Amino acid sequence: MKLIILEHYSQASEWAAKYIRNRIIQFNPGPEKYFTLGLPTGSTPLGCYKKLIEYYKNGDLPFKYVKTFNMDEYVGLPRDHPESYHSFMWNNFFKHIDIHPENTHILDGNAVDLQAECDAFEEKIKAAGGIELFVGGIGPDGHIAFNEPGSSLVSRTRVKTLAMDTILANARFFDGELTKVPTMALTVGVGTVMDAREVMILITGAHKAFALYKAIEEGVNHMWTVSAFQQHPRTVFVCDEDATLELKVKTVKYFKGLMLVHNKLVDPLYSIKEKETEKSQSSKKPYSD
């Protein structure tokens, strides 16, 4: 497990975006080998998405051969509703990059058979070869996706009733009116995310500090579902200083001492332009008479 500690939200967002960029470029995706990326919604990943869009517009990172799978979607909210996760992903990420719509996968909260929709989503992930990198965020109560406290740590994609804390937290997106907030959602399970070859969890802000403490310094507990990722062989937690306020000083000092090593994951920062230049140069035959 790695814990990346940056001073501010913007730095944490940029580090995460650089990491995703390097992972995609090093994977060298193509028509026969897509990079599969799990994605979250919410305010935490917005800074990361903005940097990824910037990389795309600069010609450093294409998404043509990337397939995405989103974590969750509300039940009963129209797809074109401004607060649906379809709308969120389109407005904040997908419409700004060159990803093909058929390569973006988001659960349908208006499906006739919701459990069948969840089962089909799991099959789509399998058909794509599994998730290479699943990016996630958490709530103040440590939930990841909509795996609320008490969720099974081996759960799969399913229908979930939202906890009151989550409904209250999401009311700000619905004019502050609780009656407008959906009470159910479709969500990937903890086990679904655990199946990914690598997991990166973004945790920023003092209001997430106790959840990070539970995730890092205490044992695995289904009341804090993010703690399950202690047992994943390749978990990267990316946080800002505010999120470390509940951690022990020696814990923070230990992981900060590893930053010189961990920063090598994003430095050098790879670019598709550089790889294409190297490829063209290596294909040139040396001059001969």
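The backbone N, Cα and C atoms fix where each Cβ goes, glycine too.
On a predicted model such as this, the values are computed, not experimentally measured, just so you know.
These come from Swiss-Prot:
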type     : residues : note
MOD_RES  : K64      : N6-acetyllysine
ACT_SITE : D72      : active site, proton acceptor
ACT_SITE : D141     : active site, for ring-opening step
ACT_SITE : H143     : active site, proton acceptor
ACT_SITE : E148     : active site, for ring-opening step
MOD_RES  : T161     : phosphothreonine
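This view paints the features noted in Swiss-Prot onto the structure.
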residue: K64; record: N6-acetyllysine; contacts (Cβ under 8 Å, 6+ apart): D98, I99, H100
residue: D72; record: active site, proton acceptor; contacts (Cβ under 8 Å, 6+ apart): T41, Y85, L107, A145, F146, A185, L186, T187, V188
residue: D141; record: active site, for ring-opening step; contacts (Cβ under 8 Å, 6+ apart): E148, P149, A163, D165, T166, A211, W224
residue: H143; record: active site, proton acceptor; contacts (Cβ under 8 Å, 6+ apart): P149, S151, A163, T166, T225, V226
residue: T161; record: phosphothreonine; contacts (Cβ under 8 Å, 6+ apart): T183, M184
Coarse DSSP state, helix versus strand versus coil, of D72 (active site, proton acceptor): strand
All-chain count of other Cβ atoms within 10 Å of E148 (active site, for ring-opening step): 22
Local backbone state of T161 (phosphothreonine), from DSSP in three classes: strand
